[in-house]
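**Q** Structure incoming, see below.
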C-alpha cells in the first residue's frame, strides 16, 4: 500500500521515457489534506544534487502538497541548468495540480553529471497527474527503482491512523543517509514540528545506521508528509515509534537488496563508553573491505574485526576486547577465544558482536559482504 | 641488493617451516657496525601485534643490532603468550649473535590470532644466523613475502654512501602505514635522531599516502638502520632525500603488487586550502568503493569523485570543483565538463586530479581499483 496506505494521499507511477529501457521512471505523490504538513531529512554530502537544494528550501515552510520523483538521472553536478530543470519540474507539478511550486518537493536518482531529458519529464508529469489514485502507492514505489531488484514499501497501522512509506536504494548506501529516496505518509493529524522531531529521531537509529558500502550519495532524501485525514492526533511517543518502525523496515529492505550482496551483516557494538563510540566502532567494522570479503567467504576472521576497532578513537583497552560471530566468542580479552570452527556461517544473516568492555552503551550498524557481484554491478556500467 | 647494499650489513632468508607450504618464512638482518643507530615508525592501529609492542620498546634506545622477521603468522591478538614468543625470539637472536635482546627488533606478518610455531621458529634463527651474508639481502626480501607476488627492494647510492631497503605488503594497505614490513639500511654515519627525523618525513609523504584498501594493519613496521660503515656523514637534506626516494620506490612497488588490482590510481588533489585538506580529500576519493569499481570498468565516472569529495570537511565550494581523469577535465565548476568519451583508460595507470579551487596546497594518494580478484583473494582463504 506504500504511500497511499494513509488516508488523504494519492499517487501514480509511470514510464515517462527518462530511462532508455522503457521502465517506469516517474512517480507522483499528492497530499490531498486537509493538512499538508511535512518534514525532511537530506544527505549530509556537501555536494548536493539540484533536487536536494530545491527540496531543502521547500521544507523550510513545513508545507508540502506533492512530491515528484524520477529515476533514470540524479540531476547532480549539473550546474545552474540542472537547478533550472528541478525548478521547472516543480512548476509543472504545481500547474497541473493547481498549487504553488514552493509546496512541491522534487527527488531524483540515477547517474550523476547528466542533465534530465526535460522534453520527456514534463509531459510525463501530466500523464502521472492523470493517473493519480488512492491505490497508486505500489506503482509509485516501482517507478523510483534504479538497480533495485524489488520495490520497497512498509506500513504500520494503529488505532485509526496509519504510517506508510516507500523507498528505493541498492547501492551507494552509507551513513548520514544510506542512498535512498524515501517518502513516508501519515494521516495522523500532526504539525510539521512534530513530524520533524519524529523523523529525525527515527532516521538517526535506522537509515543512518545502514552502511552497505560506505559511499554517501548526493541525492539522499527522506520525506514525511501528514494529511491529517484521520482526524486523530496520537501521542508523540506512539507516533514516533510507528515512524521508527516504518524506517527500520524500509532500511532492512535496502540492506537485503544491496548490490551484489550475499550476506546481511548485523554489527552490534556493546559495552561502549558512549553511543558515539559504539557508532564509530560499528561503522569502522562495517566499512572494512577485508572483513567484508572474509564474511563473503564464510570465514570468521575476527582479526579483521579487531584491526578495524583499532583504527577508531573509541574508549577501549585492546586486551579487554571480545568478539562474537554468530554466537561464538572467537575473541576473548583481545586474544584467541572459542574455536572458530564452531562458527556456522551458512545463512544469509551474520551477527557480529563487538564488546568494548568500556561502558554500557550500544549501537547496531547493518552492512553487507563485499562480493565479486558488487564489483561487477559497479564496474560494468555507469550508475 | 636490498638491505645488504649498504656496507656493514649481512642478511639471510630461509624456510623455517612456519609456512605449511615450505616457502621461505624467516629473515634476519644484522648490523655489523661500527654504528648501530636505528629509528622506527609503527602502525597507528591501537590493536598492535606483539612484535610491534616489543620493537617500539627496542627503538627507544635508538640502538638496533639485528632485525628478525617472519612471515606465516602475524602474532597479533595472541595475548601474553604471543608477547612471550616475541621476547623468546629476540632472546634467541641475541644468543646466537652474542648481543643483548633489547637490541633486536622483531617483525611478523601473516594471519592474526594464531600463535607462532616456536618449535620451528627458534631453530630457524640458528639456521639463518649460519647463513648470514653480505649478499643475503635478496633472500631476506623473499622470506618476508605473504601474498606478495614479487619481492620488493630499492637502493639509492650516493658519493660513497648508500641507502637500500626491502618491503613486503600486498593487502591491508592503508595509511598510517600501509601494511608493510620495511627494513631500510644505510652505511651513512648518522645518529638515531637524524635517522628518526629523515624516516618520519619520508614515510609521511610516501607509505602514509599509499592506500590500497583503507584497511590498517596491526603489524606495520618501517625500520631504518645505520652502520656508519662508509665513514661519511652526508648533509641532512641529501640523506633525507635518499631515504624518501627509497620509501617512494618501495611504496610504488607495494601499490603495483596490491591484491587483485588491475589499475594503479594516482589521486592528485590540487589547490587545497591546506595540506591536511588535500590529504583528507585524496583519501576519501581513494577509499570510495564505487569509484574504485568504476575505474576497474574503465568508466570515467567523475560523479563518484565529487560525491567522495562532498563527504569531507575540506574547504571548497561545490560549484568550483574541477576533476580531470587522465588529462581530460570531465568536471568543470562542479558540473559537466569535457566529453567523457575523450578519456582513454586502457592503461594500468589512472591519474585523477581533483582541483578544490580553494588554495595552493597539494597532496597525492596512491590507490588501486576494486576487482573481483581482490574479493576472491580475501574471501577464499584466511590471511
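Residue numbers in this text run from 1 along the chain shown.
Cβ coordinates come from backbone N, Cα and C, glycine included.
These came from TrEMBL, pasted as-is:
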- A:146, A:168, A:179, A:259, A:378, A:383: substrate binding site (BINDING)
- A:179: active site, nucleophile (ACT_SITE)
**Q** Near chain B, which of the binding-site residues A:146, A:168, A:259, A:378 can you find when the cut-off is a Cβ distance under 8 Å?
**A** A:378
**Q** Fewest neighbouring Cβ atoms within 10 Å: which of the binding-site residues A:146, A:378?
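**A** Taking A:146, A:378 as the binding-site residues, the minimal 10 Å Cβ count falls on A:146.
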**Q** Under DSSP, is residue A:378 (substrate binding site) helix, strand or coil?
**A** helix
**Q** Let me know how many other Cβ atoms fall within 10 Å of the Cβ of residue A:168 (substrate binding site).
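**A** Residue A:168 (substrate binding site) is surrounded by 27 other Cβ atoms within 10 Å.
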**Q** Please classify the secondary structure at residue A:259 (substrate binding site) using three-state DSSP.
**A** coil
**Q** Tell me, by DSSP, whether residue A:146 (substrate binding site) is helix, strand or coil?
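**A** The three-state answer is coil.
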